[in-house]
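Database features (TrEMBL):
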- 1-45: region 'Disordered' (REGION)
- 88-110: transmembrane segment (TRANSMEM)
- 163-223: domain 'Potassium channel' (DOMAIN)
- 202-225: transmembrane segment (TRANSMEM)
- 245-269: transmembrane segment (TRANSMEM)
- 258-336: domain 'Potassium channel' (DOMAIN)
- 281-298: transmembrane segment (TRANSMEM)
- 310-330: transmembrane segment (TRANSMEM)
- 353-399: region 'Disordered' (REGION)
- 361-371: compositional bias 'Basic and acidic residues' (COMPBIAS)
- 389-399: compositional bias 'Polar residues' (COMPBIAS)
Amino acid sequence: MSRSRSRSFGSDCLIGRNKCQRPEPNEAPTYEAKHHPPPSPDYHDTGEQIRRCRIFNFDLRFTEATSCPTRVCSASEKVLAACALGSWLLLTGFVLFYVIYLLFGALVFSSIERPVEDKLRRDMEALKRDFLNQSCLSAASLERFLLQVLTANKYGVSVLRNASATSNWDLASSMFFANTLVTTVGYGHTSPLSDTGKAFSILYALIGVPFTMLVLTACVQRLMYPLVLAPVGLLQRSGMEPRPAFAVHFLLLLVLVVLCFFVAPAAVFSVVEGSWSFFDGVYFSFISLCTIGLGDFVPGTQPEQKYRQLYQVSVMVYLFVGLMMMYLLLRTFHKMADQHGLTTFLQLPRCEESDQDEDREPIVENKREDQAPPYLTDKAASQPLEPGSQPSYNSINKG
């Protein structure tokens with residue numbers, strides 16, 4: 001009796017293609033039925049629902065055919081329930097770890113920054129007391145003056161150099177603000193003063209943020225082949241296995257990104273800004289390319305800075321290209337995680353190939369024959385799948 005594309009659940013039920021049968025009384029389940037993974041995701045029959053349960057490296061699929069007189073056996077339902085429970089437990093573990101990570105960061109930041117803040121507050125109180133002793137101003141008048149100064153400074157207007165400083169809303173500065181708005185960096189050094197400007201910022205960001213993400217995604221898809229797939233294919237043709245090839249390529253790309261988008265720009269910022277140290281430049285680059293944008297360091301805000309407009313445009317180009325490379329680095333890490341089975345272990349979706357990559361010829365040719373003999377089909381289908389070659393949820397839904 002042929003049992004191609006089938007899987008046995010103990011001795012309760014055997015689910016096959018377009019039929020549901022029980023095993024013979026004296027027939028023991030085969031090794032393939034007990035231990036080998038299910039068939040490839042392209043298997044799909046009309047009237048059947050293919051369901052998939054993945055917990056770590058365990059895969060299970062079963063069918064519910066209307067023409068089958070026997071429903072899915074209770075063993076498969078128990079396994080599916082266990083898989084669902086495991087998925088929820090894993091998600092709960094992620095949430096708990098996230099909360100613990102936030103608490104850990106809060107404790108570290110509080111222990112480091114609070115003593116410095118207390119010292120600065122004491123220094124300001126002493127400075128205010130000395131100033132009041134040397135002048136005829138009252139404390140209330142001084143506080144009103146300082147409140148107005150700080151409010152103006154929040155909008156990018158400083159009383160120290162306001163008379164001779166250039167406007168924060170000339171063409172170059174306004175374009176720099178628009179760039180920080182649509183890239184979600186948002187330094188906060190300049191913000192709209194009027195309600196009309198605030199309303200326009202909302203509408204502008206609603207369109208600009210998704211469009212910027214679309215442009216970045218399109219650029220990264222065009223760079224995936226020359227910067228990721230082609231170098232990995234070259235490493236594989238040199239004799240490396242896929243997993244080491246992806247790991248080596250990711251490390252090389254990481255070093256290249258750190259040198260070109262963190263170290264080199266930090267050296268430039270430390271020279272151009274003057275008051276920035278090299279570490280301040282590295283800090284600014286990381287905060288900006290991660291779209292955190294704290295606003296404590298903003299380029300192009302020094303008084304009487306030469307070529308200020310050209311400098312701001314150059315920083316805009318740096319931010320766009322840097323964000324694109326960070327996204328490319330994340331995509332490369334995702335593909336490496338697919339190869340090492342990390343996405344399967346964490347039950348995450350796999351990194352799908354773009355349409356352009358699907359149209360290209362494979363980087364490394366398959367050594368297996370195009371046409372396999374019929375008698376090898378069932379044997380090949382019963383072979384264990386590598387973690388990097390397991391089907392994704394999207395591929396099952398497409399089937």
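For all residues, glycine too, the Cβ spot is worked out from N, Cα and C.
Nobody curates TrEMBL annotations by hand; they come from automatic prediction.
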Here the stretch out of 88-110, 245-269, 281-298 with the most C-beta pairs under 8 Å to the transmembrane segment (310-330) is 245-269
Mean per-residue pLDDT in the domain 'Potassium channel' (258-336) works out to 91
Secondary structure of the domain 'Potassium channel' (258-336) by DSSP, residue by residue, totals 57 helix, 0 strand, 22 coil
Taking DSSP helix as H, G and I and strand as E and B, the domain 'Potassium channel' (163-223) has 41 helix, 0 strand, 20 coil
